[in-house]
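Working notes for the structure below.
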Amino acid sequence: MTITPEQLIAMLPLLVVILTVVVVMLSIAWRRDHFTIATLTATGFIIALGSLYYVNALGVVDVTTLYHVDGYSSFFTALTIIAGLGTVAFAYPWLEGYQDNKEEFYMLVAIAVIGGILLSSAHHLASMFIGIELLTLPLFGLIGYAFQQRPSLEASIKYMLLSAAASSFLLFGMALLYAEAGNLSFTAMGQSLSDSNIHKPLVLAGLGMMLVGIGFKLSLFPFQLWTPDVYQGAPAPTGAFLATASKIGIFAVVMRLFLEAPAADSETLRMILGFMAIASILFGNIMALTQKNVKRLLGYSSVSHLGYLLVALIVLQYSPILAQETAEIYLAGYLFASLGAFGAIAVASSPYNKGELESLEDYRGLFWRRPVAAVVMSLMMLSLAGVPITLGFIGKLYVILAGIDSSLWWLTGMVVLGSAIGLFYYLRAAAIVFLRKPDNDNAPAVTTTSQNMATLITLVCAIIVIVLGVWPQPLIELTRFAIIAPAIN
């Protein structure tokens, strides 16, 4: 097979991040230097993000049967790289006090970003599976990076065992679909699996097993039980990546599969997804109400957010354009709000060897010690709650409009109810940072240069959330560029 210059340009973001991994590995082997490795990784991500300008100029490019580049893939690639960049910025101050090898953290993040980029452009079940594994496997190490601390090691082992089981279900489901369709390409599967044979036992079993695997990766009910424990045990920078990039890449490829293989989006499957959406929204919000640990709260709330996102998948058959816009706007808002929230946790916490702030009470009076981190955390909670003048509100509005447009009143009502429940715990977390501590421990905290840099990144996230919440037009224009024309079965 001959690769043309056009195809090479289309693969630029992927190639740049792969090159970054190679350079980081060689640098670690030559001489360990925390600052150099972090700078190399961040530079690689920035170059990969900039290369999307040239990729977009090409339009639609089929690089191989497995890798398809278009506006849709570019949009989700950008979100994945931004998540990786934020994780690197938050990890640097956290790792400064780490007593073991620091540099491998950045290499693992870069490998996971490769998986996310591959998922954004996946056009085939094989590349989908490779992308999911490339994204998931580095997370085992990232979650357990603070292995001297028992919760981190426990979380890593739990995630590894359950993720391995979920991957087995996913792979077996793909094998069953291949047995019926005779092809693993999304488009070819869409042509083979017509409405007449979608109810065949092999196809139903394959779709069901794939749904189990994907449900685990996306923390959807009833496969979400690992989420709060893993979020709590993982270091704050890893939590930022786990909450954003791992969800964005997988959701992007699932939506492409539903768009290009419409038979996979059957009425039966939509009913199951509807049940999962309602259960995820209710379970995530109700469980988050009782949480005193901030990271567990964000873990449960992520379950409800993926429930809201399922609405976009369910309405895909009725309004494909609106469904894609909804998912893209919601995920962009969720990315910046989650990055900002976990970044604020990383900045507000003590250095690694003194532990992280976990309880909500630990954040009481944060405004008087670290005012920027407190304001950012408060704004991020408001955005996650969907309060007006934040990007989170625009995302929720699109979800509700998509439900109304498709006459899914029961699902729309559940989104409104879930958002109302979520307001309670988000507002509680947003308000507590401004309350003074009773022990008068309200003196400003001493900060390092690296913490100031991480604070700056969280501040940028907050500005984006507010600016796009007030004036969402630039983001809406971007999402319109990132629309896939629906296939007709």
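Glycine is treated like the rest: Cβ placed from N, Cα and C.
Here the transmembrane segment (8-28) has Cβ contacts under 8 Å with residues 36-37, 40-41, 43-45, 47-49, 51-52, 54-55, 58, 61, 63, 67, 69, 77, 81, 103-104, 106-107, 110-111, 113-114, 117-118, 121 of the same chain, all six or more residues outside its ends. Among the features that Swiss-Prot reports, transmembrane segment is placed at 8-28 (among others).
The transmembrane segment feature in Swiss-Prot is assigned to 35-55 (among others).
Residues annotated as transmembrane segment in Swiss-Prot, with sequence analysis given as evidence: 75-95 (among others).
As annotated by Swiss-Prot, transmembrane segment applies to 105-125 (among others). Listed by sequence, the residues of this chain that lie at least six past the ends of the transmembrane segment (105-125) yet keep a Cβ under 8 A from its Cβ atoms are 13-14, 17-18, 20-21, 24-25, 28, 37-38, 40-41, 44-45, 48, 62-63, 65-69, 72-77, 80-81, 83-84, 87-88, 91, 95, 131-139, 141-142, 145, 174, 177-178, 184-187, 189, 237, 241, 245-246, 248-250, 252-253, 256, 260.
Same-chain neighbours of the transmembrane segment (127-147): 66-67, 98, 104-105, 108-109, 111-112, 114-116, 118-119, 121, 153, 155-157, 159-160, 163, 167, 170-171, 174, 217, 230, 233-235, 238, 241-242, 245-246, 249-250, 253, 257, 352, counting only residues six or more beyond its ends whose CB sits under 8 Å from a CB of the stretch. Residues or ranges marked as transmembrane segment in Swiss-Prot (evidence: sequence analysis): 127-147 (among others).
Residues or ranges marked as transmembrane segment in Swiss-Prot (evidence: sequence analysis): 159-179 (among others).
The transmembrane segment feature in Swiss-Prot is assigned to 235-255 (among others).
The annotation transmembrane segment is assigned in Swiss-Prot to 271-291 (among others). For the transmembrane segment (271-291), the residues of the chain that approach it from at least six positions outside its boundaries are 211, 215, 219-222, 224, 228, 297, 300-308, 310-311, 313-314, 408, 410-411, 414-415, 417-418, 421-422, 424-425, judged by C-beta separation under 8 angstroms.
Tertiary proximity for the transmembrane segment (303-323) is limited to same-chain residues at least six positions away from its ends with a CB under 8 Å from its CB atoms, namely 218-221, 224, 227, 247, 251, 254-255, 258-259, 262, 265, 270, 273-274, 276-281, 283-285, 287-288, 330-331, 334, 384, 396, 398-399, 401-403, 405-406, 408, 411-412, 415, 418, 422, 483-484, 486. Marked as transmembrane segment by Swiss-Prot: 303-323 (among others).
Per Swiss-Prot, the feature transmembrane segment maps to 329-349 (among others); the stated evidence is sequence analysis.
Annotated transmembrane segment per Swiss-Prot: 374-394 (among others), in sequence order, evidence recorded as sequence analysis. Beyond its flanks by at least six residues, the transmembrane segment (374-394) meets 301, 305, 329, 332-334, 336-338, 340-341, 343-345, 348, 363, 366-367, 419, 422-423, 426-427, 429-431, 433-434, 455, 458-459, 461-462, 464-466, 468-470, 472, 475 of its own chain at Cβ-Cβ distances under 8 Å.
Listed by sequence, the residues of this chain that lie at least six past the ends of the transmembrane segment (456-476) yet keep a Cβ under 8 A from its Cβ atoms are 86, 89-90, 325, 329, 332-333, 336-337, 339-340, 343-344, 347, 372-373, 375-376, 379-380, 383, 388-394. Under the heading transmembrane segment, Swiss-Prot lists 456-476 (among others), citing sequence analysis as support.
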Going along the chain, which residues at least six beyond the ends of the transmembrane segment (35-55) come within the CB cut-off of under 8 Å?
9-10, 12-13, 16-17, 19-20, 23-24, 27-28, 69, 74, 77-78, 81-82, 84-85, 88-89, 91-92, 102-103, 106-107, 109-110, 113, 117
Long-range environment of the transmembrane segment (75-95) - Cβ separation under 8 angstroms, sequence gap at least 6:
13, 17, 34, 38, 41-42, 45-46, 48-49, 52, 102, 105-106, 109-110, 112-113, 116-117, 119-121, 235-238, 240-241, 244-245, 248-249, 252, 328, 331-332, 335, 339, 342-343, 346-347, 349, 351-352, 448, 450-451, 453-454, 457, 461, 478-479, 481-482
